[in-house]
Every structure is written in C-alpha cells, then in structure tokens.
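K.L.:
Below: one structure in structure tokens.
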Amino acid sequence: MDGQSKASAMNEDNGTANSGAGEPLDLSGATPMMVQYMEIKAAYPDCLLFYRMGDFYELFFRDAEQAAEALDITLTKRGKHLGEDIPMCGVPVHSAEMYLARLIRKSFKVAVCEQVEDPAEAKKRGSKSVVKRDVVRLVTPGTITEDGLLDARRANYIVALGRAQNALSLAVADMSTGEFFLAPTKAGRLDADLARLSPGELLIAPDLMKDETIATALFDWRSITSPLDARHFDSTDGTARLKALFDVATLDGFASFDRADLAAAGALLYYLEDTQKGQLPHLFPPRRLNAGETMMIDAATRRSLELTRTQTGEADGSLLSVIDRTVTGAGARLLMKRLSAPLTNPDAVASRLDAVEHLIERPSLRHSMRAALRAAPDMERALARLSLGRGGPRDLLGIREGLEAAHAIRQELLTVSEAIERLPDEMTEAMRDLGSHHELTAELGRAIVAEPPLLARDGGFIAAGYDAKLDEFRTLRDESRRLIAGLEGDYQTLTGISGLKIRHNNVLGFHVDVTAKHADKLMTAPLSDTFIHRQTLANAVRFSTTELAKLAGRISEAADRALALETEIFESLTKAVLSLSDPIALAADALARLDVAAALAELAEAENWCRPTVDDSLAFHIEAGRHPVVERALKKSRETTFVANDCDLNPDDRLWLITGPNMAGKSTFLRQNALIAILAQMGSYVPAARAHVGIVDRLFSRVGASDDLAHGRSTFMVEMVETAAILNQAGPKSLVILDEIGRGTATYDGLSIAWAAVENLHNINQSRALFATHYHELTALKETLESLSLWSMKVREWKGDVVFLHEVAKGAADRSYGIQVAKLAGLPPRVIARARQVLSHLETTDKGDKARGLVTDLPLFQSIPERGTSAGPHGAPSEMEAKLKEINPDLLTPREALDLLYALKDLSKETP
Ligand SMILES: Nc1ncnc2c1ncn2[C@@H]1O[C@H](COP(=O)(O)OP(=O)(O)OP(=O)(O)O)[C@@H](O)[C@H]1O
C-alpha cells in the first residue's frame, strides 16, 4: 500500500485492534496496514515510530500526540480504533532530519520504519496486500551521525556503565568520530566522570540503580538514560564482540581490560549494532584510561566554574566561549575535551605547551596553518557516515579536501623543520599522523565534481572524463536531448504551428504542447497519424509521438544507466576511503590537535597570557592572575579595567582565609585561580604574568549556591552536600575553593560549621585552599592553624559610600560594609537607616543580650518615622486618625460607610 491510499486504509479500520503501545495486541478487525503498524510498534515501545507512507513519516496513537506536542505540528485523526479516533501526525520525508533533530534534543528515540519493497511487488500478492516495512534504524541521542543533528563543536558520547566483581567501568564512544575508550570509575567519582564526558546518551542496567550512590550520581542524567537489559552487560559477550569488531584473537594488544570494562564494552557494542541494525560504525581500537590520568572535577565544581556552559546552561559566557579560537569543528571538540579533562602528568602538559609556544613564536607558520585548517572539512564525521553507509558525495569531497589541507600543512611543517630546527614532539607526531594520501586525493579529485549533491541517488556528482562508460551514457542522453530540441523545429515546420512546443512533466514525460485553437489540426489526418492525443486542458492540448517516445526512452535509459554507474563508482570510492579509514582518522585527529595548538597560541598572544610552569610540587604561585571571563566582560563594558591579583599557596601558607565585603571581588578571585589551574593543566597558557602550578589531582569549588528543586534539596542542603564531598575527598594535592560556607543557616550554626570546615581543611585534608567568608570571627583561627593566612579585599570609604578596589591584600577586613553595599543596590533609605541603628546596637551590646536588647532597646518603628505613616507633624494625630476616631461603625448605613471609605482614601493620598 502506498502513501496515497493511507487515508482510506485508516478509515477502513473500525475494528477492535489495540494501539500496540505496550498493551497486548488485539488485532481482530484492524486493517492489514494497522495490523502491520501495531506489530512493528509493539517491538519498539520506547521509541516514536516513524512509519513511512509515501512521502511522509506518519505517527499514530500516543506517538502522534507526543510528537505533535514536541514538534508543535498539527495533530489530526485518521480512522477509528476501538470506536475512538486514531490520533495521527506526520512529517515530510525530505525534511525529516530537522524534525528528528528536535525530537532528539528533547531526548526522544525514534524508530525509522521504511517500505522495504517496491509497492508493485506488494500488488502482485493481491490488491489488498500491504507493502513490507521494517525498522531500518533507531535514532537515539547517542547514535546520530548527520551534520544536521549534531553540534559540530561538541563531541557526542554514548556511554555504557558496566559493573563486575564490584568494579565499575564506563565504555565511551563517539559514533560520529570513531573515538572509543574505557574509563574505569568508582561509585564515588561516577558523578565527576559523567560530568567530564557530558554524554548524549547513557546505557545502564536498571538493577544498578539499587545502589544508592550510583542512583544519586545518575540522577542528573535521567533524561538521557536508556535502560538496557542486564544480560547485555556480560564480560564474555563483550570480549567476543570486541574481538570480532577488531578482528583479533586477543585483546591484550589494546590494553589490559577488567571484567567491568568488558561488560560495559559489550553492552555498548550490542546497542550500537542494535540501533544501526547490524551496521557498526568505524571505531578506533579501545584505549583504557587510567583513573588518575585527568584532574577530577565533580559536576558541582564544573557548574560553579562555568567551564563549558554557564550556570543557566548557555555556551556563551562560559570559559570555553572565551578561550575558543579554533577554526574547525574537530578542533573545537578537542578543545572542549581538553578543557573538560585537564591532565595530571606534568610531562604531557609540557609537551602540549611546547607546541603552543612553538606557534606563538612563529606567527607566520601559525597563520598559514590556520588558513589551511579553515578549508578543512570535518573528516571525522564524514568518515563515520561513510562507514555506516549513510554517506554521500559531499562526504567524499570532504575527505579529499581534508586530506589536501593535511598535505598542505604537512608541507609547511616539513619546510620549517628542515630549514630551522626540531619541531616539538607534539607537532612531530601530528606531522607523522597527517600522513600522505596522494593517491586517494588524486583519485577523489578526478572523480568528484566541485559542488556535488548531498545524496548519491541524485546523481551528477562524478566528473566528466573520469569514467569513459559514464561519459558515453551522458553523451547519449545529451544527444537525445539535442535531438528532441531539433524535433521541435521539425514539428513546427511539419504542422505550420510556430507556437508548438516540446515540454516535459512527470506525468506525461516528453510531449508536444499546442494551444487549444491549433489542436484540431493535429487531431485530423494526416497529422493525426503522427500526433497521438494525450490530454486536453483549458488552454493547452498535449500529444505524444512515436519518435518522441523513442527518444525519451533513450534518454531515460541512458540516465538510468548513468545513475547506476555513478552509484557503483560511489560505492567503490567509498570502499577505497574506508580501506584507509584508520590513517584518515589519524590525519583528522592530527588536524584537530594542530588546530587546538594554533588556537591556544593565538589566544595567548592576543590576551597576553603566560606559559605556566607545571610540575609535581605542591606550589600554587600565581602572579598578576586574572579571570578571563570577567576581564572580557569588563573590556566590553569599558567601564573599568580588571585588577590583577597574586595568589601564593605554598606549603607554609596553603590556606588563605579571605574576608571582605560583598561585591569586592572574592568570588572572582577564587574562581580565577581554579580556572588558571585548569587552563595550565589542559596545556594552555594562562591569564597571569607568571604561574607555577604543582599538579592539582582534584579540584573542588563551591562558589555561589542555588537550590536544587529536582533533587528536593534546599540551598543550604546543596551547600552541605557539596561541602561534605570536599571534606571527605580532598587531599594534599587537591585545590579547594570555598565561598561563604554556612551562610544559608542561622548565624551561629553557620559560623560553627565554617569554623570546623576550615580546621578540617587545614589539619586533615591539608589541601591548597582559598576560603572566602563573611564570618570575621574565623580570623581568630590564625592563632591555632599555622599554615593559614588572612587576606582581604581592599575597599575605601568615601563620603559614607564604599569603593571597591578589587585588590587582595594581606590581613583581615576591618568590617563587612554590608549596609553600604545594600545601599548601592538601592534598598530603601528607611531600611538602610534602620539597619545602621540595628548594627550599631549589636556592635555595642554584650553578646548574650543582643537579640533581647534589640527588641527592648530598638522596638520596631519606634525611632524611624516612615514615609506614608499616619503620624502628623510633631507626633500629633493626623487628620485621618482624627476622622477614624470619630467613626462609630454600628451607626453607619452601608452607603455612609462607603462614602467614608472614599473620604479616607482621599485623605491618605494627601498624607506626605
Ligand atoms: N579583580 C577585579 N577587577 C575588576 N573588577 C572586578 C574584579 N573582581 C571582581 N570585579 C567586579 O566586581 C563584581 C563582583 O565580584 P564578585 O562577585 O567576585 O564579588 P564577591 O566579593 O564575591 O561578592 P559576593 O560576596 O556578593 O558574591 C564582578 O562582577 C566584577 O564586575
């Protein structure tokens, strides 16, 4: 059955079939097409079923309701089911990608069900038979490869969490690039590992959720979690799948995997195969990460530092948005990965920094490299599409242009390295990986036209001169076209009708077209022997001729054969590309690495950043450090310039207690030091005059609190959960940034918690730490904690107002200036005045009596006459009060009462 007849098919359906969505199927009375629909749908209960009917993908029942709402498209009805209308909506096949993208973004999964036979075949089985259909692909957030569905500048990881023998592991793949690795994890660091990867889809066996720590860590990822039956997480099965995929007898050559790794890998590969219906993407052999290879940064810290997104979820305003100068999608993805996973090995960091330095010192090499990179298409993703049989001619062109860019850059580097000196290791490696793919690029260069269509089935992408047979078919086709054009003149002469035209449309094909007034002539002998009447319209009458039909036949035959041949050539070129997929993927990766190095060099030069010294010490010494995002914002606003600040957390002075008013720049200072540590360890220059960073193994930041309604946690609870994580996990190599611990509860409770937290940090965790607080009482800790020092944000008082200098200075702040800041924020003057009274009372009264004293000594409203109260001058009763006194409500009629109310209202307006 084809698309045209779908409406009638649904209307026929007035039987008793079930919707098929998770309910037992009762198909009696359903139309054959509905039976087919429901059977297929029953196999994919958790997906929206895109059911192909002609030029549309149709959705029915609950799927239709969900999709119509998510896509904001019209929900219609077709036919009846169990006496009720069947909801339906549809999307055109030619624009399905756009709709898929929107559904994927909303975390839906889609099963794409195609017609898998020619409708003519179905008809042979009888007029009522249904065209065979089958699901050809599941589109899920983690398995997409189309450019239109993907963000070019972000990786799209699919992750499976495996558990075996009490060990946990994450199998991670980016199907759009072929990246594949295993990352052993622990329940306690699962949250940090997932936050680092920020997957698009997460596969877990539901029984893992019984573990409370795991369930908590997975909570934030619930919208992208796909439950997968526990039997797919099997290490033996995983081993077999890995061996089969990479065609090896043993996995020892890759790494030494434990059972949790293999269970996770098995589930991941099963899922990829299942969603791609047996067609596996190109994947690199798996690497196994070491748990301590990268700086551990938990989700809360990432959020608070706004590394790749701001707290409100936008990319703009994040650290990444400020440092990203890459010019390719693959480069941008790599930069983001590096920013998300700073290294902990000083040598690896130094090696990245060497490449950046090399390119800072050689601006012309950098500029020409970036120019070549700009012309390089996304080879990683083109390759992934080709390997899944989803590629098109533009992907072949992309591979060619990418390899040409690789070649150009390689030549450039070769010239430099031969002429001047040794390249840094990173660049030598990149140069090696860029490889040399002359033959393939030359072949693709000859084969593909400059602007090919998106789909191979459209044809016309193989260049003239590449294949003699193809040229022959095309000549034949063009020749026939020329003959047809010639025929038009012949027919005009033959009939004497100068307006006779030969036209083409999809229904009649090539035909002769004359106006109605000339039609009779062609329909009478002798011309009627040549011209066969086909169609009469209001203004035109159409004819066919044998000769025209013959030529048209030749054209379409030649075109068909040309297309078949083009498809064949496309397949063989794709095969040639895929036979080199590993070296091509390496070249693509090398381009990305060079893009990142050049981009970081560009950034360092433009922003005047310095190369940090990164080693295994416990130093954290920053001179004239800046916060790149705040600095950028200030530059834009042009109001003030950023004030640079030093920070030196050496072992004798590793805990800084920072006091100072709100708005003075404490949070900025805290964050900038955390960001400098991250930037340094990712292999970037840093916003400072000098920086010496001893490797930070874990970074904890609790700056700025917000409540977490989804978890049902109040602001204070969130703060305490995050503080607990820090105090339980931080160690001597960690860097801890804590801002205003305890402020979310009663003063003394908060102070006590902050006090105990500082002691714990100093004595137990022994981490390098910056601790900002409003509790001046904490400064007393200086007496007992020898590695603690006191710092404050400098302010100046000017005519009763406070001026922020944004300078970090030795010593504790003398006071908080909270009231001055509140005044700046525009609190009403009466509140400010009252607050000053309360403050001076508190400051002069004995501690124990403070609260009671407040009530007795400063009764509310006693001292500050407020605007709008009813008191008259000198405390005399106001006119309104006098009037109110006169009233005896019992004696008033309703009308009098109302009048009185109006009078009082008028009086109240007159009161100043
Ligand atoms: N070093 C600096 N140089 C210039 N301006 C700065 C600097 N640090 C902070 N600022 C400006 O001051 C504003 C407030 O800074 P920040 O939020 O760090 O203050 P805070 O002391 O943490 O305040 P609160 O305690 O209210 O959170 C920033 O948005 C920025 O505009």
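Yeah, the Cβs are placed from backbone N, Cα and C, and that goes for glycine too.
Heads up, TrEMBL stuff is auto-annotated, nobody curated it.
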K.L.:
Looking at the candidate ranges 1-25, 301-325, report the one that TrEMBL labels region 'Disordered'.
P.N.:
1-25
K.L.:
Out of M663, A664, which has the highest number of nearby Cβ atoms, where nearby means within 10 Å of its Cβ, if these are the binding-site residues?
P.N.:
A664
K.L.:
Do any residues at least six apart in sequence from G665 (ATP binding site), in the same chain, have a Cβ closer than 8 Å to its Cβ, and if so which, in order?
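P.N.:
Those within reach of G665 (ATP binding site), by Cβ under 8 Å and sequence separation of 6 or more, are V643, M793, F804, H806, V808.
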K.L.:
Determine, from DSSP, whether K666 (ATP binding site) sits in helix, strand or coil.
P.N.:
helix
K.L.:
Within the chain of G660 (ATP binding site), which residues six or more apart in sequence place their C-beta under 8 angstroms from its C-beta?
P.N.:
K666, A772, S792, M793, K794, V795, A813
K.L.:
If you draw a 10 Å sphere around the Cβ of P661 (ATP binding site), how many other Cβ atoms fall inside it, taking every protein chain shown into account?
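P.N.:
Excluding its own Cβ, the number within 10 Å is 21.
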K.L.:
Could you tally the C-beta atoms, other than its own, that fall within 10 angstroms of the C-beta of N662 (ATP binding site)?
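P.N.:
20, counting other Cβ atoms within 10 Å of N662 (ATP binding site).
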